[in-house]
Amino acid sequence: MEIDDVLPCRKFAFSIGHFLNDLCASVWFSYSLVFYHRVAKFSNSSAGYLLLIGQVADALVTVFVGFASDRTKQGEYGKRKSWHLLGVICVLSSFSICFQLENESLAFILPSFIYYTIFIIIFQFGWACSQIGHLSMLNELTSKDGERVALNAYRHAWSIVANIFVYTVTWLLLDKNQTNDNTQMNANVFRMLTHIIIITGFFTSLIFHLGSKESPSVTKHCKSLSSASHTWRDILYDTQFYLISLIWMLTRVISNVSQVYLPLYIMDTTDASQVDRTFIATGPLCVYISGFITSFPMRKVNQYLGRKKTMIVGLIAVLLSSFLFWYIFSLNINFGISIRFTILIGTILLGIGITTVQITSSALTSDLIGQNTESSAFVYGAMSFLDKLANGLAITFIQQYNPCSTCSTCCPLFYRQILSFVPGVTTLCTLLILISITRIHSSTQWIDSIRQSIRSLWNRIMRRTVKVIVTKIV
């Protein structure tokens, strides 16, 4: 085995290290609006603001953790794993409280909004610590391109498993908790769901910390191969950093907006006589199952097609799904294609597209970091900052202008527009930025060469000046 190859047991331990975060993220994006609006009885806009507070807190913390993680001493346990462990502790201690009704004794001391805000911030702090610690560890495990793509693919595969797990457990809990009191039923479901997630996440995090190991020798080897050490200031001068950050952000917006509004699209856009209500669970499952299958050949696809063509394939799949979701009734009337079949194909294409673009955007980020792993946490922190902020603002904006509370007949068209136009327009923007990256590649090298030439000329001038001054004085 080559020096940059990662042992299978360590691949498994690393890939499952983000499983707790993925479980919590699935519940957060899928059910936070449902819980805070229908169970905790907040208004539609207040529920959106709680979600926004969580996203803003997460975004700000990722920048802090990115700086702090890069400057943490290695130590015996490892600087990346130390931050990951801190995150796991915060998530385990706060997440279930975010989805439980406020204690009556505390209701007299703290307003409900403040109560949930405190625990949401603790949860998001822990989530960010685990995410940045896990992502920045990837580049330090190996400098081999194929291995990095494989680790990204396995990590994403476990993310899909987490979503499937959450939807399956929720379906089972709903089936076994049929009571007449709908509010109490939902509160019980959320309490049991979060407890199951905490227990499962604890054991998967334990596997990660016992089975994975930071490799300082690999990091040093990578640094010795690098011609120059890149600090966070050097990264900020790189134009491609901003373009790849935008691609990272936009691909996550596509994924999260689709995840939040797909069940609502199926429930409100279609009629029960046209589509069985089980499609509310079946639709998201099709997205994640197709994405799970797609994640495995991503290493080979990236090798044969390259980053740009692979990303284009994923973007085309997302565009096709947006087309199907918008023309779902026209296809049924004009061509006799059933609505159930259209939703099925649309969700499969959406799963393929989201998985492809997310894995490839992560691979682009790994390429950007390259062997300069000393700043990897800053890069991931900055990109996650844009990602979390954009998702929070997008969902809050959509909720603010959601007409369903005042106009029930407007819901079908509204959710149809959201699920079709938001991913579709975002995909087109991503495609334009992807083209820009390829165009500026050579110009970036030209700018770098000019910068080096200017520095070299300046150094020669300064040495010459000092030599003349010293000679005159002597």
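Placed from the backbone N, Cα and C atoms, the Cβ positions cover glycine too.
Here is what TrEMBL says about this protein:
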- 12-36: transmembrane segment (TRANSMEM)
- 48-70: transmembrane segment (TRANSMEM)
- 82-101: transmembrane segment (TRANSMEM)
- 113-135: transmembrane segment (TRANSMEM)
- 156-174: transmembrane segment (TRANSMEM)
- 189-210: transmembrane segment (TRANSMEM)
- 241-266: transmembrane segment (TRANSMEM)
- 278-298: transmembrane segment (TRANSMEM)
- 310-329: transmembrane segment (TRANSMEM)
- 341-365: transmembrane segment (TRANSMEM)
- 377-398: transmembrane segment (TRANSMEM)
- 418-437: transmembrane segment (TRANSMEM)
Check your understanding: Under 8 Å, at least three CB pairs between the transmembrane segment (278-298) and the transmembrane segment (82-101) (pairs 6 or more apart)?
Key -> no
Review point. With pairs 6 or more apart in sequence, are the transmembrane segment (48-70) and the transmembrane segment (377-398) linked by at least 3 Cβ pairs under 8 Å?
Key: yes
Review point. Between the stretches 12-36, 241-266, 418-437, which wins on the count of C-beta pairs under 8 angstroms to the transmembrane segment (310-329)?
Key: 418-437
Check your understanding: Looking at 12-36, 82-101, 156-174, 241-266, 377-398, which one has the highest count of Cβ pairs under 8 angstroms to the transmembrane segment (189-210)?
Key -> 12-36
**Study point:** Chain residues outside the transmembrane segment (377-398) and at least six past its termini with a C-beta under 8 angstroms from it
**Key:** 33, 48-49, 51-52, 54-56, 58-60, 62-67, 69-70, 80, 128, 131-133, 135-136, 232, 235, 241, 244-246, 248-250, 252-253, 256-257, 260-261, 365, 368-369, 418, 422
Exercise for review: Could you give the residue numbers and ranges of same-chain residues that sit at least 6 residues beyond the transmembrane segment (12-36) on either side and whose C-beta is under 8 angstroms from one of its C-beta atoms?
Suggested key: 6, 42, 46-48, 50-51, 54, 84, 87-88, 91-92, 95, 99, 116, 123, 127, 130-131, 134, 137-138, 141, 151, 154-155, 157-159, 161-163, 165-167, 170, 186, 190, 193-194, 197, 200-202, 204-205, 207-212, 256, 259-260, 263, 284, 395, 399
